[in-house]
Amino acid sequence: MIQGILTASAAILSLSILLTLFRVAKGPSMPDRVLALDMMGINLISLTAVVSLIQDTTAYLEVALLLGILAFIGTVAFSKFIEKGVVIERRRD
Amino acid sequence: MFTALHLAIIAPFLAAVFVPLLYKKIPSIHTGWFVLIVPAILFVYFLQYIPTTSEEGAVSAVFPWIPSLGIHFRAYVDGLGLLFTLLITGIGALVVLYSIYYLSKKRESLHTFYTFLLMFMGAMLGVVLSDNMIVLYLFWEVTSVSSFLLISYWYEREKSLYGALKSMLITVLGGFSMLVGFVLLYSITGTFSIQETIAATSETASHNLFLPAMLAILLGAFTKSAQFPFHIWLPDAMEAPTPVSAYLHSATMVKAGIYLIARLTPVFAVSGEWLWIVAGFGITTLFWGSFSAVRQTDLKGILAYSTVSQLGMIISMLGVGAAALHFDGANGNNVFIGATTAALFHLFNHATFKGSLFMMVGIVDHETGTRDIRNLGGLMTIMPITFTIAAIGSFSMAGLPPFNGFLSKELFFTSMVNITEFQQFNMDTIGMVFPAVAWIASVFTFIYSMIVVFKTFTGPLQKEKLDTKPHEAPFGMLLAPIVLVSLVIVIGFFPNVLSYTIIAPAMASILSPLLEQGQQFEVDIYFWHGFGTPLKMTIGVVIAGILLYLGMKKWKGVYRLFPEKLSFNNLYDQTLDKGEVLSQKIMGAHMNGFIRNYLVYIFAFIAAFLLITMFYKGAFTIDVSDTAPITIYESILFLVLFAAVGVMMFTTSRLTMIIGLGVAGYTVAMFFVIFRAPDLALTQLIIETVSVALFLLCFYHLPQIAKNLEPIRFKAVNFIISAAVGITVTLIGISAGSSRMFESISGFFKDYSYKEAGGRNMVNVILVDFRGFDTMLEILVLGIAAAGIFTMIRLRLAGRDEL
């Protein structure tokens, strides 16, 4: 029963990754793509969690946390890039 | 053991070391006087060997050089070696004496001249006295190099450099070929020793490599001895100072090839090919050299072609002499032995008269400022001694009595007539050309000999065409040629002083298989040898020669029938030029500087090579018995990955490409999750993020124009190659997975990572414990990369604006 639900949710999450990928590919604007990428990151976190439940292991919890941080940093960096044209600003002098 | 004999061979090299020192420290005395001591002492030293070689045979001494490879410096003195040794040291001494007066102490850099000359002398001694083929080859190449240096002695002249390069290329080509021949001989007999090879002749002749070895060695001998069609370097080598021409290009170096042929006659002469090739090339060279000599206007040019021609004559006689080995014994019925006698006798004679002629030309050049026969004439009364030298030398060269050239020419005709009676290898039918060509060539020899004497010394004196006021040369300069022409006359009248001292022992080395123990060849050279065919031929030569010489203006047009374009010189020049152009074209065609082309070569080669290998080895296997079932997640992730790669391939925006790459990287991280590799997944995620950020950084700095791509054009070649590489790698991957040969060793790590290393994380234990060494070096790689990036960013030597 539990296994079935887990499998189903993993499948649904994978499907949603596929759909967000469509958004990444299609665009049409850069923010669309960045948002889609961010969403894909969160979906990946969920998928990692579900997979670790299916495989009955705690080894992937770090992966989930790391994905969270990276998705956040990545999105912020992209946003700043789109906004200002640079990611890391030089020291003002 | 290192003996006095070895010391004698390398003495010139040792002396050469001190030449620059003497030149610098004692500038008041001409350096040549010090150098003169070396060949003089060596000549006297080697004279002592005459009784030994004529009575007891050979003397040898071994000095192990590279014993593990069978290379010993075995000095071997027998009749043949001694004949050459005496020529080298004797004429060497005379040439040094002559050069003392010829080369100015003030103007010329004498130290380089005498260093090169001594180098050459030592190398030449090494060539003729080495029994080991590799040592012989070593000295052989030193003669090529020192000859190159001597020809280009006046290196500021364009023509000297041209001549030096030409002789270097041709003789080194032959030298390499000869080395190949020696190695082939070694692979037949298993020894580098010439004497041991001669002893093993019976098994050599039937071997498959016999003919290739013979041809390779003959190529070496022919290039060195300026045989047709490799004679072209010798006339251009005349840009060297005259003592060099006299020494190297008439008496010694060009005879190295003759020495080699004579030395290896017992090895190869059992085959008919040897007889035909050696005699055939010799006779062709004889004719072509004498024919070409007549058209020259430069005295040294005439002498150069004359040398070519005379060398051809000696070689043809050596080839014909090989016929003797097809008969048994050294008795009087074996008439072909006479050809070898004639070859050696003429070898000696040629060295004497050609050396004196070159020195004569040097004197004329020195005292008048020109060597062109069109500007010369009427010098007979002004330079009587030089004229006498020229007359004796030239008449001897033409084969007139009572000089030594007459005797050797008679012997030459005798051997050429005799060879037509030889019953093997078609000699009795086609062999008729030999005496005929020999006769015609002798007529031409007569003509150019007359040109040398009469165009230079008779006729009107053309004072306005000469740079200096002509006068007789100083006595010191005349001394060396006088000694040589005295030899010409003495040997002409008393030829038998040489017979048993020098020629018979030398014949014993060449035709060794014919001799029984303690037997000796009978050498009798008579001045009057009966009114036979040879004498009639000589009379014919003289009559025809005089007529042709007097009527030369009428038939000189013959030479214009051969256009310059068809000459071998032109062929050589074109080969060099066209070769350069062609190689540039070939290089330019495939090394065109486009990385995409190089990648095409690399990938096409990888795919083709791997596919062909796998196919021929029958290595393609597909075995699904050991594969795991495919789950739904894997299929979906595969679709994502596939889609991401597809987007990257077909997009027209670089930014989309970068994002696609990021997606692919994250998907791979998810694969790591599914395949239970948490450490890999963690690392992959971070690295992917960083590298995507770096790509974005690069993207940001791209020029605006390059940020968006044209739609990628379809290129069939690229498609085929990329598809081929993909298919190849996939097939190999499947095949490798399907044919597992051994159990994996991962069981060990599973069992022992906690027990031995105290860690539960197996991957990390492997990384830092079981195989920590790799990790250390990968840390180093990262360090180097970081340092490299830092350097590239900070170090801008060229300045930014220039980029």
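For all residues, glycine too, the Cβ spot is worked out from N, Cα and C.
Per TrEMBL, these features apply:
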- B:31-50: transmembrane segment (TRANSMEM)
- B:66-114: domain 'NADH-Ubiquinone oxidoreductase (complex I) chain 5 N-terminal' (DOMAIN)
- B:82-103: transmembrane segment (TRANSMEM)
- B:130-423: domain 'NADH:quinone oxidoreductase/Mrp antiporter transmembrane' (DOMAIN)
- B:134-155: transmembrane segment (TRANSMEM)
- B:167-189: transmembrane segment (TRANSMEM)
- B:209-234: transmembrane segment (TRANSMEM)
- B:274-291: transmembrane segment (TRANSMEM)
- B:347-364: transmembrane segment (TRANSMEM)
- B:376-398: transmembrane segment (TRANSMEM)
- B:432-454: transmembrane segment (TRANSMEM)
- B:475-506: transmembrane segment (TRANSMEM)
- B:640-704: domain 'MrpA C-terminal/MbhD' (DOMAIN)
- B:681-702: transmembrane segment (TRANSMEM)
- B:714-734: transmembrane segment (TRANSMEM)
- B:718-794: domain 'MrpA C-terminal/MbhE' (DOMAIN)
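Below 8 angstroms of C-beta separation, residues 133-134, 136-137, 140-141, 144-145, 147-148, 151, 196-197, 200, 203-204, 207, 209-210, 212-224, 230, 232-234, 236-237, 257, 260, 267, 572 of the same chain, each at least six residues beyond the ends of the transmembrane segment (B:167-189), sit close to that stretch. Through the fold, the transmembrane segment (B:376-398) approaches residues 299, 306, 310, 349, 352-354, 356-357, 359-360, 363-364, 367-368, 370, 404-406, 445-446, 449-450, 452-453, 455-462, 470-473, 478, 481-482, 484-485, 488-489, 492, 545 of its own chain, all at least 6 residues removed from its boundaries and within a Cβ separation under 8 Å.
With helix defined as DSSP H, G or I and strand as E or B, the domain 'MrpA C-terminal/MbhE' (B:718-794) counts 60 helix, 0 strand, 17 coil. Remark: secondary structure over the domain 'NADH-Ubiquinone oxidoreductase (complex I) chain 5 N-terminal' (B:66-114) totals 32 helix, 8 strand, 9 coil, with classes taken from DSSP. Counted over residue pairs 6 or more apart, the CB atoms of the transmembrane segment (B:432-454) and the transmembrane segment (B:274-291) come under 8 Å in at least three pairs, which marks the two as touching. Recorded stretches compared: B:134-155, B:347-364, B:714-734; the one with the most Cβ pairs under 8 Å to the transmembrane segment (B:209-234) is B:134-155. Outside the transmembrane segment (B:134-155), and at least 6 residues removed from its termini, the chain residues within Cβ reach (under 8 Å) are 65, 69, 71-74, 112-113, 116-117, 119-120, 122-127, 161, 163-165, 167-168, 171-172, 175, 178-179, 182, 192, 194, 220, 224, 237, 239-241, 244, 248, 253, 256. Within the same chain, residues 83, 87, 91, 94-95, 98, 102, 242-243, 245-247, 250-252, 255, 258, 299-300, 303, 306-307, 310-311, 314, 371, 376, 379, 383, 386, 389-390, 392-394, 396-397, 403-405, 407-408, 452, 456, 473, 477-478, 480-481, 484-485, 487-488, 491, 498, 502-503 sit at least 6 positions outside the transmembrane segment (B:347-364) and bring their C-beta atoms closer than 8 Å to a C-beta of that stretch.
Residues in the domain 'MrpA C-terminal/MbhD' (B:640-704) partition by DSSP class (helix H, G, I; strand E, B; coil) as 57 helix, 1 strand, 7 coil.
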